[in-house]
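A quick write-up on the structure given underneath.
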Amino acid sequence: MEPPSPQDEGLRKKQPKKPVPEILPRPPRALFCLTLQNPLRKACISIVEWKPFETIILLTIFANCVALAVYLPMPEDDNNTLNLGLEKLEYFFLIVFSIEAAMKIIAYGFLFHQDAYLRSGWNVLDFIIVFLGVFTVILEQVNIIQTNTAPMSSKGAGLDVKALRAFRVLRPLRLVSGVPSLQVVLNSIFKAMLPLFHIALLVLFMVIIYAIIGLELFKGKMHKTCYFIGTDIVATVENEKPSPCARTGSGRPCTINGSECRGGWPGPNHGITHFDNFGFSMLTVYQCISMEGWTDVLYWVNDAIGNEWPWIYFVTLILLGSFFILNLVLGVLSGEFTKEREKAKSRGTFQKLREKQQLEEDLRGYMSWITQGEVMDVDDLREGKLSLDEGGSDTESLYEIEGLNKIIQFIRHWRQWNRVFRWKCHDLVKSKVFYWLVILIVALNTLSIASEHHNQPLWLTHLQDVANRVLLTLFTIEMLMKMYGLGLRQYFMSIFNRFDCFVVCSGILEILLVESGAMSPLGISVLRCIRLLRLFKITKYWTSLSNLVASLLNSIRSIASLLLLLFLFIIIFALLGMQLFGGRYDFEDTEVRRSNFDNFPQALISVFQVLTGEDWNSVMYNGIMAYGGPTYPGVLVCIYFIILFVCGNYILLNVFLAIAVDNLAEAESLTSAQKAKAEERKRRKMSKGLPDKSEEERATVTKKLEQKSKGEGIPTTAKLKIDEFESNVNEVKDPYPSADFPGDDEEDEPEIPVSPRPRPLAELQLKEKAVPIPEASSFFIFSPTNKIRVLCHRIVNATWFTNFILLFILLSSAALAAEDPIRADSMRNQILEYFDYVFTAVFTVEIVLKMTTYGAFLHKGSFCRNYFNILDLLVVAVSLISMGLESSAISVVKILRVLRVLRPLRAINRAKGLKHVVQCVFVAIRTIGNIVLVTTLLQFMFACIGVQLFKGKFYSCNDLSKMTEEECRGYYYIYKDGDPTQIELRPRQWIHNDFHFDNVLSAMMSLFTVSTFEGWPQLLYKAIDSNEEDTGPVYNNRVEMAIFFIIYIILIAFFMMNIFVGFVIVTFQEQGETEYKNCELDKNQRQCVQYALKARPLRCYIPKNPYQYQVWYVVTSSYFEYLMFALIMLNTICLGMQHYNQSEQMNHISDILNVAFTIIFTLEMVLKLIAFKPRGYFGDPWNVFDFLIVIGSIIDVILSEIDTFLASSGGLYCLGGGCGNVDPDESARISSAFFRLFRVMRLVKLLNRAEGVRTLLWTFIKSFQALPYVALLIVMLFFIYAVIGMQMFGKIAMVDGTQINRNNNFQTFPQAVLLLFRCATGEAWQEILLACSYGKLCDPESDYAPGEEHTCGTNFAYYYFISFYMLCAFLIINLFVAVIMDNFDYLTRDWSILGPHHLDEFKAIWAEYDPEAKGRIKHLDVVTLLRRIQPPLGFGKFCPHRVACKRLVGMNMPLNSDGTVTFNATLFALVRTALKIKTEGNFEQANEELRAIIKKIWKRTSMKLLDQVIPPIGDDEVTVGKFYATFLIQEHFRKFMKRQEEYYGYRPKKDTVQIQAGLRTIEEEAAPEIHRAISGDLTAEEELERAMVEAAMEEGIFRRTGGLFGQVDNFLERTNSLPPVMANQRPLQFAEIEMEELESPVFLEDFPQNPGTHPLARANTNNANANVAYGNSSHRNNPVFSSICYEREFLGEADMPVTREGPLSQPCRASGPHSRSHVDKLKRPMTQRGMPEGQVPPSPCQVTGAKAEHPVQKEGKGPTSRFLETPNSRNFEEHVPRNSAHRCTAPATAMLIQEALVRGGLDSLAADANFVMATGQALADACQMEPEEVEVAATELLKQESPEGGAVPWEP
C-alpha cells in the first residue's frame, strides 16, 4: 500500500471528528480491480472525503423528508397533481443516493476487508434503502408493462410496490450518522439492550401466563349483550357503549324495557377486545399492562360474569406488570445512561462548567475591585485639587489665558463625576434593596398578566394596558442602569441579563408594532407572558434553586439530542403511518376520527399521542378496523402500534427520566460545595456564640455540624436536608436531642463507640429503652416521684399497652370502613356508633395517661412537644367534639366525622418502620420544594399564554351548525347511529367545555390534566378547532396550536415531571442509606453480611439404596431437566391452542392432553419423592410449588370428568352454585375455573430455568421484601382516601353512561378502593373528578330533602382528586420505582465487586463437601473449596498455595475442637475479607465493633450464631488463622534453612546460631507477612505476582517436602498406594471436577501420586468414618501419620473400615507406646478441663527417651496438624503430641519465640500458648534438631542475654 501523501495528512488533521466519514484506511484494491492509483477511484475518494459532500448529502436527505411529508395519501390509490410531481422528484433523490453509495463503495471497497463500505452499520442501512428504492422502480416498470399487456391485473400487482415504498421512511435515520451527540444517546440505548432483553422476556412471560389464564377463565364470555326483543338493535342508555350481559348469575342483567340478553354480538371494540383465543388474549393483556383502557376491559368482564373476583386478575396484572416489571426498564436504562455519561464526564465537561463559573466570579470580583480603585483615585484627586486651590498660585492665570483649559477642565471633571456616578450606580444595582425592588416590579407584572380573564370589565383591560407600559418603562430603566453601572461587557456576561435584554426589547418592539397598527395585539401578547420568566430572578440569592436551574439548562443539552432522536423517531413513524393508514380512517358510522394519518401534521400528532400512551388503544382499534377488522390482515396492524408504543413510551421516555436523575446528582454536587462553605461559617459562629453552654454541649453541637457537613455518599442537598430533618424531627430547634417518647425510638439505638477501646456488648444497650419521666411536674400536681405518675409511666411504656392501642386503632379503622354512606340511620351504622363511643373512650384514656406521665406542653419532653403526639391529640379531640355536637349544625358534624378518618395515622407513631417511611416522604416533599417551584412557575407561565390564546373560545353548541349563543336556541333533529330511520328531537344547548382557559386558575387546572397525559387529545382538538371568543368551533381551524401543547408536554410532562420523579427516587435512595448512616456498612456490605448470617447449607442428598439411587440418578440428570422443560413448553402450546367455538373433536383432544400432562407431572412428582424422600423433596420451595400444582391439576381433572359425565347423562348440573339446570358458561363457577388455573401455573416453573430471568425473579422477590412499610403506607393512603370518598361522594346516584356507574362508585369500601386504584393508574381520573363535583343526581335511597336531588357531590372533589393523584403518581408509585432501582442496580453494576448474587455459588460448592448439610467441613478442605470458587468470593484455581494460606490467615475463622469450620463462619469471613469490613486496626476491637453493628441492624440474630461467626473477646479460640500462621512460619524456616545450606554449602553445626537465625526469620519475615495477612492487606498486585513466582521457584521444595507440614519420607510416598474408595456415589459429577482442578499446575503440587487423597475421595459421603479417618483432603499429601494413628485409636479400632490395608496401617500397629491402653490413659485427663491457661503439662515431657527410632514417628509432624485434629482443642495444652513424648516446647524456647513474635508485632499470637508451642515444634523441625537440643541452645542464648547469666524463669 502506498504511503499517504502529505496533503492527505493535512486533510486528516483538518477533518473534525465525524463518526462515520472519518478518513478510513483505504484498502489497496477495491472491487477486486480498482487500485489506489486508478483515476476513477482517486476521484471518488477525493469527492467522498471532501467536506461539503457530507453536507450536501445531509441536505438532500432533509429535502427528501420534506417531500415525503408533503405527500397526501388518498383512499383507494387516488392521486393528485402534487403527488404525481413528488413521485417524479423521488427518482431524483434515488439517483443522488445511488451515486453516493456507488462512490463510497468504489472509494472504500465493498465488503471483504476491514473498514469496507458494508462494515459500518449506517452504511448497511443506506445500502438497503437505496437497493429497495431501485428495486421498487424496476417493479413499477414491470407493472406498467404488465398493465399495458393485461390491464386487469394492475390492481393486484401494484400492492407489493406500495409495501416496498414504505421503506423510504427510514431515510431520515441517516441524519443520525451526521450528529455525534445523537450517538451517545443511541449507544446507551443499544448498550442497555441485553438487560432490556431479559426484561422483555419477563414481560412476555407475564403476558403469556396472564393471556392463558384469561383464555381459561373468560373465553367466550364477551359475546352476549342486550338487544331489543325481536330486533338486532343493541339496547343502550344515552352516552353508554354497549357492553356484555349475563342472563343469570351476578353479571349485568338487561334493565331497559323490552330488551333481552342474547349472544351473537361480536364483542366490545368491534370484537377486538376479548379472550377467545391466544392471540387476542395476549393483545388484551398487553393493553392492560400499558394501563390504557384496562378498566374498560375489567368492567366488561364484570358485566359478563359478575364482579366478585375478576378484579383480582386485573389488579395483580397491573401491580406486577405495570408497576414492577415495566419499571425495571427504567432501572436498566438509567444505570446504562449514567455509565455512558460517566464516560463523557471523565472527559471533563462538567468540570468546565464549574471552572467557568469560578472564572466569572473571579472576573466580577476583579472588575468591582478595579472600579473601586478608580473611584479611590477620584477621591484622592479631589482632595489634592482642593489643597492646591486653597494654596492659590499664579500659574493658574497662565492656564486661564489659554482657551483650551476650560474644556480640558470640564472633560476631566466630567470623567471624574462619571466615574463616581457609575460606581454609585454599580453599588445601587448590586444592592439588596434594588434587587427586592426589581422582584416587586416583577411580582406586579405577574399580577397584571394573571388578572386577565374572559369577560373582564373594560376598566380592568385599560388598567392592564397602562400597567403594561409603566412596568415596561421601569424594566427599561433597570436595564439601562445595569448596563451603565456594570459596563456592557460585564452586563452581557450573565445569561439572565441577556435574557432580560431580549424580553425588554421584544416588549418595546411589541408596543411600537401595535401602536403603528402593523400587528394584531394578540400574536405578540404571548411574548408578554415570557416576561414571567423574570420570576426566576429570585434564584440570585437562593443557591440551591439557582443550581437547579443551572442543572436544568445543562441537561437541556443532553436532552436536545434526545429530542432530536425522538423527533426523528416520530417523523419516521408518522411517515410510515401515512403510508399505511393515510385516507383509510373513514368508517360507515360517519363519526370523524380525530387521531388519523391523513396528512403529515395530523400524523405527527397521532404518533405523538400514541407515544404519550393516551388512548393509544383506540387509535390502534381504528387502525385494525381500517384493514377490515379483527381478521387476518387487520390484526397485523397492531404490530406497528405496539412497536411504536414500546420503543417510544418505554424506551425513549424513560431515557428522559434517566437523564433527569443523572443531572440532578450534578446539580447537587454544585450545591454541596457552597453548602459546605456556609456550614463552615455557621460552625464558627456556633462555637463562638455558646458562652453559656457547657463545654460538652458545645462539643455535641460542633460535632453535629461536622457530621452534617461531611454527609457521606454523594453530597447532595437531599442528603444535607435529610440530616437537618433528622436532627429536627423531635426537637424544638435546639441543638441537643430532645427526650424521646415510647413510640419514638429514633435515638435509642446504641451509638457505635468511637473510642479506641471497644465497649463490651453489655454496655451497648441493645434493648429499646423506655423514656424516663421528665423532671418537671405534670399538671402542676404530679411530681416525678408521685405514685400515680410512676404507675402511669409503667403502663404507658408496657408493650402490651402499645399493642392493645394498636389493636383498637385497627378496629376503629375497620369500623369506619364498614359504615353505610347512603343510609345514614341504618341498623349497621347505629351499632357502629356505639362501638365508636368505646373507641373514643379508650383513646381518651390513653392520652390522659400519657399526659399524666409526660406533662402536657410546658416543659421539654412533654406530650405536646412531639408532632406525632399532637396528631393523636387532634384525632381524639375531633371524635370527642363530634360526639358533643351530635345535634347542632349538620355540616360541622359532617366535616368532623370525615376527620375521624385520620385515626389510622396514629399507627404511624407506633410502628417504627412506617414512621421511617413517613419521614422519608416528608423529607422528599421538602427536598422537592425547589422543583415544585420551578414547575409551578413554568405551569403558571404556560397558563398565562393559554389564557391569551384560548380565553372564551371553548364554547360550543350541541348542534354543530350553530356558531353563537344567540343562534343556539330551540330544538334540532339527530339520527341515532347514523340510521336515517331513527330520528330523535333534542333541545339545543350552549355548552362550555369542562376544561378551559378562561382564567389563569382554570387554565392551570386544564394544563395539569394535560401533564398527567389524561384526556389531552380531546383538549388539543378543542384548541385546534377554536375560533373567535364566544363562538363555536371550526374544524381544524388552527392546527398550529398543537405546537403549544406539544412544547408544554415535552417541557413539563416529559422533562419536569420526570425530574420530579427523579428527585423523589434520589431522595428515597438517600433516605434508605441514612437509616444505616451510623453503622459504617454500605448497602452492598449490609446485603452480603445479611446473606452470610441468614444462609443455610444446602443438602446434597445421595440415596444409599441402589434402586432409589437409580431413580435419583435419573431425576437429577440434565436430560430429565430438559425433558420436563420440553413438556412444560408443549403444555403451554396445548393450552394456547384452545379457542372459543372450537370443535367437539378439539375439546376432546384438549381434555385428553390435559389428563396426559397431569399424569406425566404427577409421575415426575412421584419419582422425585422416591429419589429425595419427602423431607428432601419438600425442602425445596420449587418442589412444594410443583406439588401444589399437581394436586390442583388432579382435582381439576376429576372435576372436569364429573362435569362431562353429568353433561352426558343429561342430569342436573350440581357443581358450584347449587343444583339446577344452569347454563355451565353462565355462572362464574369459581370452583372449576379456579382449578383450571393450575394448568397454567405449570408455566411458572419455566422461570426456574433461565439464568438471567432467575436473577431478575430473585431480585423481584427481594424488592417485595423491601416494600412492607412502603406497602403499608400505600394501604393507609388508600384507606383514608377511600373512607373520605365514601363519606363525601357515596350518595351520588349510579347512572350508566356516566363515570359514576355500576362498576365505578363510592358506595361500598371495596368499590371505593378499586376506584382509587383506577385513579392511581391514571385511567380518566379527571372525568371521575368532574362526575363527583357539585350538582350531581343523588342516589334514590339516600336522605336528601325534597327538591334537593341534584345537590350531591361537592367541589371539594377538586382538592380530593388532585391531591390523591399527586400523592400517588409522584410519591407512591415512585416508591416502587425507587425500591426497584435500588434492588436492580446489580443489572448494571460492576461484577468484580462481591455482591449477594455471588454467594449462591458458595452454597452450591459447600454442599459437595458437606452433603448432609451439617454445616461443618474439615478445615483442610477450606483451601480446596475456596480455590474452586472464582473471585471475588473465592481464590480461583490459579491462586498459589501460599497466597491462599495467607488469605486464610487474614480470614481467621474460628476452628471447632474437632478440626472443622462452620458454614456461616466461613462465609462470613469470606465476605468480611472480600469487602474489607472492619479488617484494619486492632483485630479484637474491630470484632467487638462489628458485633455491635450486627446486633444493631439485625436485632434478631441469635447470640449463638454471633459467637460462632465472631468469637467474643477473651474467648481463646483456636482459629484457622493461627493454624495457617504456624504453617507460614514453618515455611519461612524451611526457606531459611535452604538459604543456610546454599550459603555454607553444608549445615552449620552451631545450634544457637541456627535458632537465633530461625527466630530472626519469625521476627523479620514471617511476622510482617502474617501481620499483613491478618489486616487483610493482600490485594496488592505485586504481592500476588511475587507469590506466583515464588511458588514456581519452589516447585522443587514443594515436591520434595510434600505438603503442609515438613518433609515426608519418599519411601512412604512410594509405598502409600491406597486404593481409592468409592461408596456407591455417582462417578459422573466428581470426575468432571477432578479434571478441571488438575489443569492448574499449582494444583498438581498438592496431589502427589497418592490415590488415597485423590479428589475423588472427597465424594466419600457415606462412610463418614472414612472421612474422619483420612481427613479426606486434597491437601494432605502426607496424611500426617502419627496424628491419624492417634485419631484412629480414639475412634476405636471398630470404626476403621476393615478393607483398608497397606503400609499406612502397619506403623500404627507397630508403635508400641501408642497401644490402646496408652490411649485410654491419655483420654482420662482429657475429660476434665485441667490446668490454668498457658501452662505446659509436665507429664508427657518427662517421659524422655521413649522409642523415637521409628522412621514414621520421626517424620510425623504432630503438633502442627494435631492441634487441629484432636477433639476439644480449646485446652490443647492437655494433649500435647503424645506420639513423640519428648516433643514439647520447653520454657526457654517458648520465651524466645514469644519475644520474637512480640517484636514482630504479633502480641496476640505471642500470648497464645498453643501457637507458641506449635511454632517451637516447627522451629525444631526446620533445624532438624530434637526439642531437647533446641531447649539447651535456647537456654544458652538466654544466658548470654541476661546480665547475671542465670536462666530467666519462664512465665508465659
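Cβ coordinates are placed from backbone N, Cα and C, and glycine is handled just like the others.
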Review point. Are Ala192 and Ile559 on the same side of the membrane in Swiss-Prot?
Key: yes
Exercise for review: Among Glu984, Glu1014, Glu1028, indicate the single residue that Swiss-Prot lists for the Ca(2+) site containing Glu292, Glu614.
Suggested key: Glu1014
Revision key, fill the gap. Per Swiss-Prot, the region 'Phenylalkylamine binding' among 29-72, 1349-1392 spans residues 1349-1392
Review point. Which one of Asn79, Asn1672 shows up in Swiss-Prot with the note N-linked glycosylation site?
Key: Asn79
Check your understanding: Which bits of the chain, at least 6 residues beyond where the topological domain 'Extracellular' (582-601) starts or stops, bring a Cβ under 8 A of a Cβ in it?
Key -> 69-76, 78, 574-575, 609, 615, 618-619, 622, 625-627, 977-978, 1017, 1021, 1035, 1039, 1042
Practice item. Could you work out which of the disulfide-bonded residues (Cys245, Cys1338, Cys1352) has its C-beta surrounded by the smallest number of other C-beta atoms within 10 A? Key: Cys1338
**Study point:** From disulfide-bonded residues Cys226, Cys254, Cys261, Cys1352, the one whose Cα lies nearest Cys957 (disulfide bond)
**Key:** Cys1352
Point to revise | Residue from Cys245, Cys261, Cys1352 whose C-alpha is spatially nearest that of Cys968 (disulfide bond), among the disulfide-bonded residues | key: Cys1352
Revision key, fill the gap. Filtered by Cβ under 8 Å and at least 6 apart in sequence, the residues in the chain of Cys226 (disulfide bond) near it are Val234, Ala235, Thr236, Pro242, Cys245, Cys254, Ile256, Ser259, Glu260, Cys261
Review point. Within 10 Å of the Cβ of Cys261 (disulfide bond), how many other Cβ atoms can be counted across all chains shown?
Key: 20
Practice item. Pull the DSSP breakdown for the region 'Phenylalkylamine binding' (1349-1392) and write it out as helix, strand, coil residue counts. Key: 33 helix, 1 strand, 10 coil
Exercise for review: Please indicate, using numbers and ranges, the residues of the same chain that are 6 or more beyond the topological domain 'Cytoplasmic' (484-494) and have a C-beta under 8 Å from a C-beta there.
Suggested key: 360, 363-364, 367, 422, 425-430, 501
Revision key, fill the gap. Around the Cβ of Cys254 (disulfide bond), other Cβ atoms found within 10 Å total 20
Point to revise | Structural state census, the motif 'Selectivity filter of repeat IV' (1321-1324) (DSSP three-state) | key: 0 helix, 0 strand, 4 coil
Check your understanding: Where else in the chain does the topological domain 'Extracellular' (1022-1038) make close Cβ contacts, counting only residues six or more beyond its ends and a cut-off under 8 Å?
Key -> 454, 592, 949-957, 960, 962-965, 968, 993, 1044-1045
Check your understanding: What is the number of other Cβ atoms found within 10 Å of the Cβ of Cys968 (disulfide bond)?
Key -> 21
Practice item. Measure from the Cβ of Cys957 (disulfide bond) and count the other Cβ atoms within 10 Å, all protein chains considered. Key: 21
Check your understanding: For the topological domain 'Cytoplasmic' (654-799), what's the model's average pLDDT?
Key -> 55
